[in-house]
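A.B. asks: Sharing the feature lines straight out of Swiss-Prot:
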type    : residues                               : note
BINDING : G34, P35, N36, G37, S38, G39, K40, T41 : ATP binding site
DOMAIN  : 2-241                                  : domain 'ABC transporter'
Amino acid sequence: MIEVSGLSVRLSGKSIISDVTFAAKAGELTAIAGPNGSGKTTTMKAISGELAYDGSVRIGGDEVKGLKPWQLAAVRGVLPQASTISFPFTVREIVRMGLTSGLNLHPDKSDQAAAAALASVDLVGFEGRFYQELSGGEQQRVQLARVLCQISEPIVDGKPCWLLLDEPVSSLDISHQLTIMTLARNFCKRGGGVIAVMHDLNLTALFADRVVLIKSGRLAAAGSIEEVLTDATMLSVFGCALRINQIPADGTPFVLAHSALSCP
């Protein structure tokens with residue numbers, strides 16, 4: 001479990017996150033959503049150990065700020081919102097970086113691991129291409145393949161591992177959005193945990209178990225999809241009169257964006 005309690009972050013003397021509390025369970029996909037600039041990425045960076053914070057963030061009972069970088073790398077992989085690489089690395093070289101930063105449970109099968117990770121994100125045959133030559137969506141999938149090489153198994157020594165994904169489908173077409181979200185969902189089904197910053201509320205409703213809504217750096221709501229995705233909460237958090245409907249087959253909520261045409 002990842003337990004976030006009283007999380008607060010200040011950057012350049014300004015409060016960005018204030019007193020955020022929630023828990024993410026292994027075996028579940030927890031989505032973090034909210035308006036632009038609400039503090040979602042800052043929250044994720046604090047959870048991953050990239051930013052100093054007040055309060056508590058625990059992974060498997062261990063305080064994140066007390067763990068060394070190599071200890072964090074062994075239990076969580078991070079997909080950043082954007083990645084800029086100055087040197088002309090090939091796709092293969094980028095993906096293999098994940099093998100050097102994680103546990104690399106099978107060092108004798110490094111090439112196979114890299115190939116399998118690329119195949120899982122639909123990039124077979126891209127190994128020799130230069131990263132800078134790829135489209136934004138292709139680069140995003142390369143970075144996810146790197147993360148999958150770092151955290152290759154959802155459970156290691158009886159303890160769950162985590163994928164921390166910041167807007168993992170923001171640059172992807174609908175087909176690859178479904179591919180990546182299904183991959184994340186399957187990681188959870190195998191016992192691992194996923195926290196993903198999401199903007200698409202319908203993908204969130206389709207794939208997430210729980211959702212955390214952040215507004216202006218504070219927790220606005222947290223709970224199951226059915227508990228959080230309500231007309232009243234959408235109006236309160238996003239300022240839009242969004243209508244939440246349900247798919248007849250299984251009752252999964254979905255957001256009817258057309259209902260917000262009156263949104264200022």
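Glycine too: its Cβ is placed from the backbone N, Cα and C atoms.
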A.B. asks: Within 10 Å of its Cβ, which one of these binding-site residues (P35, K40) has the largest number of other Cβ atoms?
C.D. replies: K40
A.B. asks: Within 10 Å of each Cβ, count the other Cβ atoms and name the one among the binding-site residues N36, S38, T41 with the highest count.
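C.D. replies: That would be S38, with the most Cβ atoms nearby.
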A.B. asks: Pick the one among the binding-site residues G34, G37, G39 whose Cβ has the fewest other Cβ atoms within 10 Å in this structure.
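C.D. replies: Among the binding-site residues G34, G37, G39, the lowest count of other Cβ atoms within 10 Å belongs to G37.
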A.B. asks: Specify the secondary structure state of N36 (ATP binding site) as given by DSSP, simplified to three classes.
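C.D. replies: DSSP call for N36 (ATP binding site): coil, neither helix nor strand.
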